[in-house]
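Here is the structure we will look at.
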Amino acid sequence: MSVKLNLSSSILLILFAAAASKEIGFDESNPIKMVSDNLHELEDTVVQILGQSRHVLSFSRFTHRYGKKYQSVEEMKLRFSVFKENLDLIRSTNKKGLSYKLSLNQFADLTWQEFQRYKLGAAQNCSATLKGSHKITEATVPDTKDWREDGIVSPVKEQGHCGSCWTFSTTGALEAAYHQAFGKGISLSEQQLVDCAGTFNNFGCHGGLPSQAFEYIKYNGGLDTEEAYPYTGKDGGCKFSAKNIGVQVRDSVNITLGAEDELKHAVGLVRPVSVAFEVVHEFRFYKKGVFTSNTCGNTPMDVNHAVLAVGYGVEDDVPYWLIKNSWGGEWGDNGYFKMEMGKNMCGVATCSSYPVVA
């Protein structure tokens, strides 16, 4: 048994699944099924551990695609149980005919509590911070906008197992502002914000706000480049060096709490805007469409995840915000998602701000 457990769980499960079902379109050319001559023995092991169920094939593909490896029989059983619950959630949600679809992703073997601990980190009351200072002009706001088409939106990043979403929202806004101002791209240090911005009421891997990060950068004199101060995804001591500054902040502009008209004006005419919203349990499996929810809140105390609004539009008669996430390019729609516009859905316009670079 110990020899078998040292094998990747994905190999064990895919071997079993390939033999167990022909009607699901399993790729017969997959070389993984040739790993061992002891196919029947491996099948017996998997069945002994997990039992025969309709979820085994899906779990096998999941473990293989995301390189999941489990350290013991007990852990495999636990993760399979969690996976089944999440798969049932995805399937039941997709049957409701909603404006969005869910799909299995790298989070499918995590409980909701684990996911919250690893990925969310903007759960603070921002009402005292965000007194609106954005000025609406008479300029015509475009019907649709996608700042990616202007080439100023930096690539999607991955925050890892650290509640540092607020740092990625911050750097995303600054990278876009820098590119817009100076005509070239830049990658900025999230890790400096994790390590150094605590005096401005931020808490590293345990949360923070872009508006407070902008203030830190302004008074600190700048933010280092990613190359000079690379991301580790862990809290650490501050290693800021003024000689490695990539950008400086002259000021930051806040959107009035809940004012989607102001937010649309800013996103449409100025540049991408840092926003925060409440992630509810089904959102982590978002794949495409316009996300909407009747369970999320929209108060300053509800928001728990900071992201970057890079545009807006309409899909199947549903207006939406186009938003860049920090969960990697494989998540969602190539790292992006759409959130319903016009209802301050999940608080998307509750904590919004953007920087002015020097």
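The backbone N, Cα and C atoms fix where each Cβ goes, and this holds for glycine too.
The signal peptide annotation in Swiss-Prot covers 1-21 and rests on sequence analysis. Sequence annotations record features per position, and here Swiss-Prot assigns N-linked glycosylation site to N125, N254 based on sequence analysis. Look at Swiss-Prot and you will find C162-C205, C196-C238, C296-C346 tagged as disulfide bond. Residues or ranges marked as active site in Swiss-Prot (evidence: sequence analysis): C165, H305, N325.
Closest in space to C162 (disulfide bond), of the recorded positions given as N254, N325, C346, is N325, taking the CA atom of each residue.
Listed in sequence order, the active-site residues from C165, H305, N325 having a Cα within 10 Å of the Cα of C205 (disulfide bond) are C165.
Cα of C296 (disulfide bond) to Cα of H305 (active site): a distance of 12 Å. For C296 (disulfide bond), the Cβ neighbour count at a 10 Å cut-off comes to 20, with all displayed protein chains included. Taking C165, H305, N325 as the active-site residues under consideration, the smallest Cα distance to C238 (disulfide bond) is found for C165. Taken residue by residue with DSSP, C205 (disulfide bond) is part of neither helix nor strand, so it is coil. For the recorded positions N254, N325, the ranking by surrounding Cβ atoms (within 10 Å, all protein chains) places N325 first. On a Cα basis, H305 (active site) lies 10 Å away from C346 (disulfide bond).
Take the Cα of C165 (active site) and measure to each of the recorded positions C196, N254, H305, N325: the nearest one is H305.
Neighbours of C346 (disulfide bond), defined as other CB atoms within 10 A of its CB across all chains, total 26. Reported as a whole number, the C-alpha separation between C196 (disulfide bond) and H305 (active site) equals 20 Å.
If you take the Cα of N325 (active site) and the Cα of N254 (N-linked glycosylation site), they are about 20 angstrom apart, rounded to a whole number. Over all protein chains present, the Cβ of C238 (disulfide bond) has 14 other Cβ atoms lying within 10 Å.
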